[in-house]
Amino acid sequence: MYPVDLHMHTVASTHAYSTLHDYIAQARLKGIKLFAITDHGPDMADAPHYWHFVNMRIWPRLVDGVGILRGIEANIKNTDGEIDCTGPMLTSLDMIIAGFHEPVFPPQDKDTHTQAMIATIASGNVHIISHPGNPKFPIDIQAVAQAAAKHRVALEINNSSFTHSRMGSEANCRAVAAAVRDAGGMVALGSDSHTAFTLGEFTECRKVLDEVGFPEERILNVTPRRMLDFLESLGMPHIPEFADL
């Protein structure tokens, strides 16, 4: 098990069922050292108001030795790469994931999806692309992986894509992992937990990475320091409270 989980939802996204406190408790039980809360961006019908994201700055950095990253799973809105994370939200958060969600960006065609995803990657506002293997949003996987490597944006391998959501993602996720491997990019693993009990669950992700021989040194979740160094390399501020993670 890796000690870092980069994708999960709380009761602030009303189709999820756990609180921040629940995740902290599970992190302590499971040996998770750093996790990111990434509730849905405000353009989703059940998402929190943008004030929720701005006010995350009041959260403690560490609770019982567990580090908490203030994040969002923003929505890709259009082919210009716009996302629903702007203004004060950008400066209040530590980490921004973005991806396609049908209520905000209805599925179209492969070229449109690819254009939108690459524009989002190139925008400089996003650190990780969520569930790029979603079969409802086919993309040019090679082109996206090359753009992600060029702009130092990680592509996610999402454990829920193999278990609860986005059925039929397996082959695409394998292709994404192989393309990122060949392009020299990074992957981020996300449990995409909607309940704290699946925090840190990467079993299916690990199978895919093993199948394609993905290099361990390019998996962001291996240590907290690797993830934090990645964020700092993209211009995010150093977080002194995490010095000993």
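Just so it is clear, glycine is given a Cβ too, placed from its N, Cα and C backbone atoms.
Per Swiss-Prot, the features are as follows:
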- His7, His9, Glu73, Asp192: Zn(2+) 1 binding site (BINDING)
- His15, His40, His194: Zn(2+) 2 binding site (BINDING)
- Glu73, His101, His131: Zn(2+) 3 binding site (BINDING)
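The Cβ of His101 (Zn(2+) 3 binding site) lies under 8 Å from the Cβ of His40, Met44, Asn75, each of which sits 6+ residues away along the same chain. Cβ atoms within 8 Å of the centroid of the Cβ atoms of His7, His9, Glu73, Asp192 (the Zn(2+) 1 site) belong to the same-chain residues Met8, Thr38, Asp39, His40, Ile97, Ser130, Asn158, Ser160, Gly190, Ser191, Ser193, His194, site residues excluded. Looking only at Cα atoms, Glu73 (Zn(2+) 1 binding site) sits nearest to His131 among the binding-site residues His15, His131, His194.
Of the recorded residues, His131 (Zn(2+) 3 binding site) and Asp192 (Zn(2+) 1 binding site) place their C-alpha atoms 9 Å from one another. Comparing His9 (Zn(2+) 1 binding site) with His194 (Zn(2+) 2 binding site), their Cα atoms are 5 Å apart once rounded. His7 (Zn(2+) 1 binding site) and His194 (Zn(2+) 2 binding site) are 9 Å apart (CA-CA, integer value). Here the Cβ of His9 (Zn(2+) 1 binding site) has 23 other Cβ atoms within 10 Å, regardless of which shown protein chain they belong to.
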